[in-house]
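Per TrEMBL, the features are:
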type	residues	note
TRANSMEM	A:21-40	transmembrane segment
TRANSMEM	A:52-75	transmembrane segment
DOMAIN	A:62-148	domain 'ABC3 transporter permease C-terminal'
TRANSMEM	A:109-137	transmembrane segment
TRANSMEM	A:157-175	transmembrane segment
TRANSMEM	A:196-217	transmembrane segment
TRANSMEM	A:229-255	transmembrane segment
TRANSMEM	A:283-309	transmembrane segment
TRANSMEM	A:512-537	transmembrane segment
TRANSMEM	A:571-593	transmembrane segment
TRANSMEM	A:605-626	transmembrane segment
Amino acid sequence: MLFFKLINSSFRRNGKAYGPYLLATSMLVAINYIFAAIGVNHSPHRLASSSATTAMINISANFILMVTFAFLLYVNRFLWQQRSSELGLYSMLGMTSRNLDILTVIEKVYLFIGSIVCGLVTGVIFERLAFLGLGRLLKVHNLKQPWIEPAVLGKTILYMGGFFVILMVVDLVKLHRLNPNQLWHATAPAPKRHGWLFKLLGLLGIVLLAGAYYITLTTKPQISAFSNFMTAVLLVVAGTYLLFIAGSVIILQFLQRQKKFYYRPRHFIAISGMLQRMEQNGASLATICLLCSAVLVALFSSITLYAGIGDTVKLYAPKDVVMITNQPVTRRQQGVIESVAKNHHAKITSQTSYQATTTQNGYWRGQHFINQGSLEHMTNKTTNSVIFVSSHDYRKITGKPAHLRDNQALIYSPAKQHTGQVTIAGHRYQAKNLSQLSFAFNPEHSIYAPAFVIVNHLPAGLPKMNVTGFNYRLKGSDRQHIRFENDLQAHLQLANMQLTGRYNIHYLFNSLYGGMVFAGIMISLALGITTTIVIYFKQISEGYADQYRFKTMQQAGLSKRETTKSIHSQVLMVFMLPIAGAVINLLFAIPAIKQIMTQLSFYNLQLMITVAVAITAALMVIYLLIYGLTTRVYHQIVDNIH
Amino acid sequence: MTLLQLNHVQRTYNANSTHPVTALKDISFTVDRGKYVAIMGESGAGKSTLLNIIATLEQPTGGQAILNSQDLGALTKDDAARYRREHLGFIFQHFNLLDSLSNRDNVYLPLVLAKTDPAVMAQRLQPLMKRLQIAQIIDRFPSEISGGQQQRVAIARALIAQPDLLLADEPTGALDSNTSAEILDLFDDVNENGQTILMVTHSAAAASHAKRTLFIKDGRIYHELFRGDLTMKKYQEEISDTMMTLTNGGE
């Protein structure tokens, strides 16, 4: 049949556009399927953090679905550019608009079937791999996964089908609003003149970005840190768009007015070309920038959290088991511990106990710690907490004397140092920094990690607690360790807050953060594919636009090598803008993320920097690779005229 | 004094294939400085190939093209580019202005490529703006002005580098007759100021403005007409007649 013949030949002719498009949609279908399939799997439900993990996977699945839809809408524009002149020609040759409708419908059905079949096959194959990966991250070994989840298969087909129907409607509406001639010659947009409003928007963009960066730089580890961060994200999104669309044009126009600078061959071509590109592509460059930023931030936070699990666990449970009781451990309790240990064939070692004040929450005003008391009294000003330990107990546990006078104190505070004259709980101390404290921990598991203050006499009037900790040796699986810890807690009749077992905590964090890393990687993958294709189509469409510019400049006396060089450097510059913006965004996000991490009892700055540098470098390499590959296609297009 | 000299120029495409196409078989003519020459012929006669060879965009496969005692066939690609911007000015049917540049910057393009001082560029533009009447539109963009105005800007771009030879490829092909007449009058004016012009066209009206017309058919010079003392109208009729004979395959 004629229609199918026409479509087939069109697919073959426009392989440069359709090939990558199909590849990208298939991969997005696959990722959507994988996520949905994991979401309905029952194995993770047995995890301690199953509700949190499942919720996270579901939120990520919805997010990726949204990304997929946005991507399809966006890329459809480029495909339309390729198709419209073809449809225009058919129309001029006498096809009715009904015929064109049929062609459009066939095209979309083809694309839909192609991406669904390839995508689901890939999805089914890689789902097992993804699931194994998830299992590894969660440190769960007995995950069960059927080969195919038919319900999810159906759901994915339904969603994608819906998306393609929307795309089809969009194309059909466009088709009916244009006459054959308009289809045939897509009109080139005229350069715009910008009034004061435009300048104002550019300035607003800068102001918004500055505001966002100010927020991230001044974020304190308060309960509001996360919402502050989200505010900053919103500001960055708006600011980046405004800056790329308006700000860049303003800067380039300023450069254009510097005659001595502008009228040099390199600058002349670069500035005018960039100006035009920014006018047309400011929004897509901003999108690329934000996508890259999102990838960086998502990977950075999830990987640092996951890598820092060991540190965090240590802060929640400095010993294998830590108990917090009002009174010292009684003889009866000690008996319970020993009998449970015996039942589980566990050997208890290095048991210690000491007395301390309960965690005092509050915030620092200069060198004054404003004490708000227990966690119930916290406000949105709360940022810190302190625990007093007597120098006697300090010596008992560490074996080292503290050598303190009554007005002196040693302060162990990994988040922020406090030395010199400090006032805490109404007492003035001459404080010295303590760089290490083996038994420091976070007894309340709160977001305000405590500073430990070693003094000769615990301040009167503050409630006290007894901290007892011990390690144990047990031959057996993680599961048996966990069972022992749970048994111990049950027999001692202690609440969750009073007894912390290291294996339990480790298991909890692994399942929680492991799920997060998994979601982070999958989202990054989806965003990465999207970004790649956006870049690719930008290169293609710019290649076609530059064809004639290339030619004219050569006629005016620019050598081929000079032209290639200047266009190359200009394309590279335009390309580097988004990634540079993304790295800047990450740099400014780190202080805020660090504060949020502090709340999750994570202080390892060095690890954070390592992760940040590693993922930035990795992204750069991938980005340049994409740039190189797509630039080759670009050159093929541009050189075609010769 | 001879500016341009073509000696038995040949151009064959796909010489090694089974179907070589010979666009130019044997072309020889000379153009003196200050002359205004039109080249006529039907589509496919080899006009564009000839122009491309003189424009250094293509190399002849046989014979010699010498401009200003420079053998154009001996130029490397990069030398050719430099030669173009120093010695040649181009005018095209579709104007070929860059839409990313304002009209002023389009005119400046060859000078910028030649690394000219901005003050000199402004100085050179001044008289051209007056002569071509583009002072009002100079700071607009090509997409904002009419076709005739775009062609004026293109002429300014071709003239600003003060080329030895102005090459025009169907300069009125995309314009209506009134605008065409205006542009052709401008060409006359430019030529009277001493500029050598070589114009390729298949419009008899356009060719009638030139002092001499060469007719090309099947890659050879078929005929040659000089205006002499004829009125433009009479000369145009003569050109039309020649074209008619040419088309009908007459002697």
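Placement of Cβ uses the backbone N, Cα and C atoms for every residue, glycine included.
Unlike curated entries, TrEMBL annotations are predicted automatically.
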Confidence over the domain 'ABC3 transporter permease C-terminal' (A:62-148), expressed as mean pLDDT on the 0 to 100 scale, is 81
Best-packed against the transmembrane segment (A:109-137), counting Cβ pairs under 8 Å over A:21-40, A:157-175, A:196-217, A:229-255, A:283-309, is stretch A:21-40
Checking A:21-40, A:229-255, A:283-309, A:571-593 against the transmembrane segment (A:512-537) for Cβ pairs under 8 Å, the most are found for A:283-309
Contact set of the transmembrane segment (A:605-626) with the rest of its chain, CB cutoff 8 A exclusive, min separation 6+ beyond the ends, reads 292, 295-296, 299-300, 303-304, 307-308, 528, 531-532, 535-536, 575, 579, 582-583, 586, 590, 594, 597
Contact set of the transmembrane segment (A:157-175) with the rest of its chain, CB cutoff 8 A exclusive, min separation 6+ beyond the ends, reads 29, 32, 65, 68-69, 72-73, 76, 80, 87, 97, 100-101, 104-105, 108-109, 111-112, 115-116, 119-120, 183
Tertiary contacts of the transmembrane segment (A:21-40), defined by C-beta under 8 angstroms and 6+ residue spacing from its ends, are 54, 57-58, 60-61, 64-65, 67-68, 71-72, 75, 79, 111, 114-116, 118-120, 122-124, 126-127, 130-131, 134, 145, 149, 151-153, 155-156, 159-160, 522, 525-526, 529-530, 532-533
Summed over the domain 'ABC3 transporter permease C-terminal' (A:62-148), the DSSP helix, strand and coil counts are 73 helix, 0 strand, 14 coil
